[in-house]
Amino acid sequence: MTQDEMKKAAGWAALKYVVPGTIVGVGTGSTVNHFIDALATMKDEIKGAVSSSVASTERLKGFGITVYDLNEIDALSVYVDGADEINGTRDMIKGGGAALTREKIVAAVADKFICIIDNTKTVDVLGTFPLPVEVIPMAREYVAREIRKLGGNPVWREGVVTDNGNHILDVKGMAITDAKGLEVQLNAIVGTVTNGLFAHRGADVVLIGTPDGVITQ
């Protein structure tokens, strides 16, 4: 089974967590694209979706699925999204696709967070994948200096502007053993919008696509 086939298996497995008649929270990325394809097969059974990115919104609308603004609703039964890395306690690094802020907002609203990944995303210690930090453009260099004081090596993701109009710093060289603590530390730096650590709001269920099928954790 190829990596993309494992992603597809995880994406389709998430369908069983979709509650008929509700609005579904939808994340961003290649694995989520498979979930959107699956969701389209039951589009008449759901009320619609809330999306964490422009790209996912366009894909959902392409299937005729109604996409709501998050401000129009007060609850989400489920949010389905991928991860760039996830550890054994379901702390995650997300934001490789630069949608981390909207992803974190939608995840906060949802009753249940379903993380869909292939088996290359599981790690013992977070940090091999660079940690994205979304920053206000004028604060980029200040935030970078503060991150260096914490032991990280921030690299500006040049040419990338988030859906919110901000910049991304990818922080390398950190073995993250206290994800909750670092999430708070980074968010406390003035000029930071948010960072890609999902530790305070981690996944409730993890669906892992493997060569032998989907594992649920």
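Cβ coordinates come from backbone N, Cα and C, glycine included.
In the record from Swiss-Prot, residues T28, G29, S30, T31, D81, G82, A83, D84, K94, G95, G96, G97 bind substrate; the candidate from K61, K121, K149, K172 listed for the same site is K121. Listed binding-site residues near E103 (active site, proton acceptor): T28, D81, K94 (candidates T28, D81, K94, G96; Cα-Cα distance within 10 Å). There are 28 other CB atoms within 10 A of the CB of A83 (substrate binding site), with all protein chains counted. For K121 (substrate binding site), other Cβ atoms within 10 Å of its Cβ number 23.
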